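Residues or ranges marked as [4Fe-4S] cluster binding site by Swiss-Prot on the basis of similarity to another entry: Cys495, Cys501, Cys541, Cys545. Here Swiss-Prot flags Cys545 as siroheme binding site. Taken from Swiss-Prot, the feature transit peptide applies to 1-51, supported by experimental evidence.
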Amino acid sequence: MTTSFAAAALRDPKLQIPNYHGLRSSSAASSLSRNALSVPSSTRSSSLIRAVSTPAKSETATEKKRSKVEIFKEQSNFIRYPLNEDMLTDAPNLSEAATQLIKFHGSYQQYNRDERGSRTYSFMIRTKNPCGKVSNQLYLTMDDLADQFGIGTLRLTTRQTFQLHGVVKKDLKTVMGSIIRNMGSSLGACGDLNRNVLAPAAPIVSKDYLFAQETSENIAALLTPQSGFYYDVWVDGERFMSAEPPEVIQARNDNSHGTNFTDSPEPIYGTQFLPRKFKIAVTVPTDNSVDILTNDIGVVVVTGDGGEPQGFNLYVGGGMGRTHRMETTFPRLAEPLGYVPKEDILYAVKAIVVTQRENGRRDDRRYSRMKYLIDSWGIDKFRNVVEEYYGKKFEPFRSLPEWEFKSYLGWHQQGDGGLFCGLHVDNGRIAGKMKTALREVIEKYHLNVRLTPNQNLILTDIRAAWKRPITTILSQAGLLLPRYVDPLNITAMACPAFPLCPLAITEAERGIPSILKRIRDMFEKVGLKYNESVVVRITGCPNGCARPYMAELGLVGDGPNSYQIWLGGSSNQTSIARSFMDKVKPQDLEKVLEPLFYHWKQKRQSKESFGDFTVRLGFEKLKEFIEKWEGPAVPPTRHNLKLFTDKDTYEAMDGLAKLQNKNAHQLAMEVVRNYIASNLNGKGE
């Protein structure tokens, strides 16, 4: 589609681009040629090619029931109308249809749920940053936009992106345009299409890591919408797209096996896009920083002799979202699909996406994720259908070593003479002194940034001579080396929840600091050491954005001021937790958790994690511990650290601590740690 036509479509919302049905099962689409734009098979690995064709669709099938969102998509002129009209009005909010469509552009309409009375609307903008890469220019732009148009903070997400909260409707076009013009994008960060593609954020210069990151960027490019709606709405049709690798263009255009809508501005998505959100992660063996098994597609680099990438293992069918008290909805781990040579990865991913596009449910969005399709069909049938779109049989899944959670916090060698520094950001919220210090360092040393799937941030390409001054600046703002951060905090995550998320039913980000402090107090009470930890994740609703169902201890919003407790995930995020107890009030957490921590301390096997312990003993036994709990049998030895020698100092510290939801001892220890870190001036790690 030409830029002039796109601009005309924006000026005249009634001007229609020819309509292409989003499903091949529709009779109108059945006559389209399936072999246009085909690519000679010689450009790909020729092993195991077989003659295949897309399964025939019934011409007489009655039209299936569709959800309201499917109707909005069909009538939207490729995600333009009525959003383009709504953006021209003075109303502070969007219509129902436009509220759904703006998600495809990377934004959600929200309102402050702490306020009573009339709603104060604003918008959250989420960027799209494959493998978490953020240029120096884009970071500084986002920092500016947060102050000028947001709430003064940046939020790092569990999918390696930024969230900018509090943008009012009249400023949306300015903010979106600024992001686009400064090497950023929010296209496809939300909505029924492929979301941000994850990959290990660490800038390690090795063949496998570099190949994983390149692959994530290529998959993201392959599945980026092509019809121009994003640029039409926000920058009047002007395109700001970087040149794509030829293999991406070739894979997108290939229609050898009936994957594409010919002559459509959206060759992969059509008018209907996907039934629901779609998530992909790429990684290397052992590195599970991306929670690989929680994605619709998990892609794992397989290397040969000398570390040279040879191909990929593929997992399919992961997903977190569920609905309380509906057993037909559930979190699910991805399972092995097969292996593909490296030159075929884009074709294999496209075949999986098209299988979901054609067969995922569009009548009830609670069951529209690909995990439900695979659960219904079984992996063998799913594999067979994907192979028909792929044009080959998948090779056997290659063996892999054990997965590990890797945070990449602290100082590390990149492998090219430079250093990178991983910084822990509690709940991904960059604010206050931390925000100021990060800007100072990133701007002064012209650093690029990587965002991690654990809501943290990595500064990259640092010269050795800069390590000491950078450490000093960061530590003075509370950005500490990992040994000064409570181990509970390092692996903990929470979604934003209240006050802005419309789906939240209880606190998450605002509640987790006090909950982690209480868990630390419980650890001390039952005799667990400071360096011991459990993976804690909290969400304000059952959608599971912070992936609580993979945690050793997951707290999931279960009504106002209450949580559903999930137990049994593993510390390396390879097993799924199970629902343990419903409707637990925050004030009752000690009654439930303290006996569990005590018996873990007393009855665990050598190096047994809390999650593994809860699985081994079983929920019946754990509930028995809770019912019979009367406190620790023997009070543990406590360190008697007398930090305060006079009452005035204590009262002053206590007053400051209460402002930060801490006690005097906790704040004093934090001050001491900051002082020590500051005076180390970057010595050691």
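Placement of Cβ uses the backbone N, Cα and C atoms for every residue, glycine included.
Here the features listed in Swiss-Prot are painted onto the structure.
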residue: Cys495; record: [4Fe-4S] cluster binding site; CB count, 10 Å: 28
residue: Cys501; record: [4Fe-4S] cluster binding site; CB count, 10 Å: 22
residue: Cys541; record: [4Fe-4S] cluster binding site; CB count, 10 Å: 21
residue: Cys545; record: [4Fe-4S] cluster binding site; CB count, 10 Å: 22
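Mapped onto three states, the DSSP output places Cys495 ([4Fe-4S] cluster binding site) in coil.
Within 8 Å of the Cβ centroid of the [4Fe-4S] cluster site, not counting the listed residues Cys495, Cys501, Cys541, Cys545, the chain contributes Pro496, Ala497, Leu503, Ala504, Ala508, Thr539, Gly540, Asn543, Ala546, Gly557.
Reduced to three states, the DSSP call for Cys501 ([4Fe-4S] cluster binding site) is coil.
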